[in-house]
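Here is the structure we will look at.
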């Protein structure tokens, strides 16, 4: 529990229980409503009758998880608000998805995006892509289960594994009962809960600090409004370029080819509704990003003179938001429960998306391993984005090129990602902002529930000059946001080269296949069309 013995009261538990009850009730409702028409198409695709607005909100909820609720404000608190440029990458990713990937998947009428890989290349390519997707999803799902469970443990003292199990049970219940329709409409409810939780924290912070402008002034004085960093150095953790370029690849891999998102927008009743859902979803993404960034500025404004992390009041940065909630909302029974429900909603929406997507890919896989690992959307999602890009935009690419590119792209992404963990970049590249404890009054604080060790890891790390670092060290210091572009570009380049050398007798860079011609003229409507037959180079 938070220092000083503050914990949940009855009102908090009631709010939290209500969120779980409503989520489960949606599954029961759709199981009863569709009891007479329970085909696999209805379960996995909602009967392709969904409209743009609920799908858009579901798209927003799917990957705006508990990590967004807890970690993005902490990121702003420690490294500044430059991460807000992710909003620009959302726009670029939606345009790429709407104009490149959506028309292909929607007109094919497929259930799984990986069916496309078999139709375009061969079965081996589909199986390899499916395995990578499953690994990615299982690992990421473990993160979004563990994160809110940890937050719950810190603010309420409940059992960590009990919270993890309850998350899995609730998600599995309404997914298996109601299928995609239940997932989509539960996501709609959970987006509202997430926004309400953020607003509760933001409104109370604004009241305590005397308005919005004092918070902005404190943030400016503390260097948190560091928007205008246009350094081109790819080793810098966050700049305008690393976030805009790198995050565009990351979000394109999520919205363009990730089964959890594709399954939603191709469940719309028309291509127009599917495209509209992507652009309406932008508004939701911007709202949640704005709330999470401003919550981080509120964090800094309130704790600018006494940082809870380096003073030992909490043991990890991800505990900053729960600490703030219990600090400023403890006089309002129910509001701490609302925030924890917001974090939990983020987790439920992402886990339910993963369960439903895995069901479509594997024809029903529900066994999720709980692993606390770093996000791997860049490491695995980047090469997968490259694989689909190769298939859609390069009609002369063949299966040998696709598999070779995917393997090498994955190996390169893994190499730099693992190296960055073993040999982390120095503070001069990550640029942590100063945290102050001179205003702390320890006589009025109970820090024994947390840790008596003052954590100054980054502040005490020896500064290394970039000139003294080896080429390999610099490679490992590459901004983590660039892991995805590395994988994507490698897959496309290697795929084209291998395709050329393995089938250069038939290779014509200006060739327009039936595949591309039919997309351009909008004639293809089903996967039986000649457009999506295996590439002629593979059949030769």
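Yeah, the Cβs are placed from backbone N, Cα and C, and that goes for glycine too.
As recorded in TrEMBL, the features of this protein are as follows:
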type	residues	note
TRANSMEM	13-32	transmembrane segment
TRANSMEM	52-70	transmembrane segment
TRANSMEM	82-106	transmembrane segment
TRANSMEM	127-148	transmembrane segment
TRANSMEM	160-180	transmembrane segment
TRANSMEM	192-216	transmembrane segment
TRANSMEM	238-257	transmembrane segment
TRANSMEM	278-303	transmembrane segment
TRANSMEM	370-393	transmembrane segment
TRANSMEM	405-423	transmembrane segment
TRANSMEM	480-501	transmembrane segment
Can you tell me which of 13-32, 52-70, 82-106, 238-257, 405-423 gets the most C-beta pairs within less than 8 Å of the transmembrane segment (192-216)?
52-70
Is it true that the transmembrane segment (52-70) and the transmembrane segment (160-180) have 3 or more Cβ pairs under 8 Å, skipping pairs fewer than 6 apart in sequence?
no
Dominant neighbour of the transmembrane segment (160-180) in 13-32, 82-106, 127-148, by Cβ pairs under 8 Å:
13-32
